[in-house]
């Protein structure tokens, strides 16, 4: 038999291009070459490509032209290389810090970014004997320089698709760990929220909760966290999160509150705050919200007010929280006069949306969250609404790809709105459009005293119908669009009118609740109306007689 028959065939690469990122000394070149051999594809080092193109060494480019010039050239080289493939692409330590370069890699088809995370002691040992070829270590204290680089770069490195812990194991063992991980992974979605004062990423995918320690740790200023969750979520997910924190050495304390809207109260806020202060929190302590919208709102408001503001990270575990409330920085608690009347804008540093956590939800909770996806399509994305009509059932059945895509599209839509009007100060439109259906929904919820008989998403679902029905009644939107919305809601078993409420409500009582809405301006209610699917606008000239007539026509009691 020919010896060639015994030669092992290279493994099929799981992605067209695998991009290696990490600090200098992480082993990107060494491991990259081993991976290329494993897959039988080329290995490309971006630094070598830059030196070839410029006919200068990296230290010479830094010395003669400066770092900014080098980064611009690096970006051009990576953009060119991403058009080719397949290959293993090792990048310089600072390449991933360039926002446009990160976006290029995330948006390129069939490309996976891997952060090689190496303990600081190992990096220092590797680098101290090779300082001459590292321009950033050429002067001063290399250990201090490397730690400073880690502080700045690790939060961005944590936005890679996959994080691999590499230490003192052999090159062969490390390569096996990377290739085994790549063979059993799916790429997460990355949704950037780019704000003037503070930008962050929404990471959407599977198995993110088990990786949370590695993802979260770079964002912790002092390595200390307070996990806030509720009793129900703790049963399903707390052990996984705590284990991931222990694995990477995060110090943490956990606070567990009762589930439900009742925890968004002044009393619960005070109890959580007092417990945090007793634990000796500092301004570098980070609050981690593990749960649905209630936990996110409460944890965010606690973070916004503790010590005049401490960092905050969202790990949403309900569909409603993943597609809506975890993104955008609205935090708060309820008052006797209404919902969310006490609160603050406080943006998270990171949002980790693990879609596998949704498998523990009853269908009722999924349906409630799905209403916010429908809302996004109604406001300004007719294509998303059409996608929902075709894929809504698969989303509610938990089909992984459809579920991830639904969360991504809803988050991307909301991120775009928030970026343009972070604090809801636009004279018209802007972030206020996200309140579509909510003027009605909050009135319904207030009548049921937030006691669980009517979930927020269920109230929003009915509110969407009411907003479009009001628009039709005022001659603004076509009746066919209302029929289309109702058909979709009913097809998925979603509430869409007065008959779907637990019991009848009074028109006059609902109008009184609307009159106390926090969106009042100059004594007038701001309604979000529609000219059709995907065409929402704000309006302050709605006659309350029209609202009253609509409520009566929809079957509400006088």
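Just so it is clear, glycine is given a Cβ too, placed from its N, Cα and C backbone atoms.
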372, 456 bind Zn(2+) according to TrEMBL; which of 438, 488, 490 goes with them?
438
Which of these, 47, 180, 230, 297, does TrEMBL list as part of the substrate site with 71, 93, 153?
47
Using DSSP, tally how many residues of the domain '3-dehydroquinate synthase N-terminal' (255-366) sit in helix, strand and coil.
49 helix, 33 strand, 30 coil
Once 372, 438, 456 are set aside, which residues in the chain still have Cβ within 8 Å of the Cβ centroid of the Zn(2+) site?
320, 324, 371, 375, 437, 441, 457, 459, 460, 463
Counting only residues 6+ apart in the same chain, whose Cβ is under 8 Å from the Cβ of residue 318 (NAD(+) binding site)?
291, 292, 293, 358, 361, 365, 369
I need the CA-to-CA distance for residue 153 (substrate binding site) versus residue 27 (ATP binding site), whole Å please.
17
Structural state of residue 28 (ATP binding site), classified by DSSP into three states:
helix
Among 26, 295, 358 [binding-site residues], residue with fewest other Cβ within 10 Å:
358
So of 28, 153, 339, 438, which of the binding-site residues has the fewest other Cβ atoms within 10 Å around its own Cβ?
153
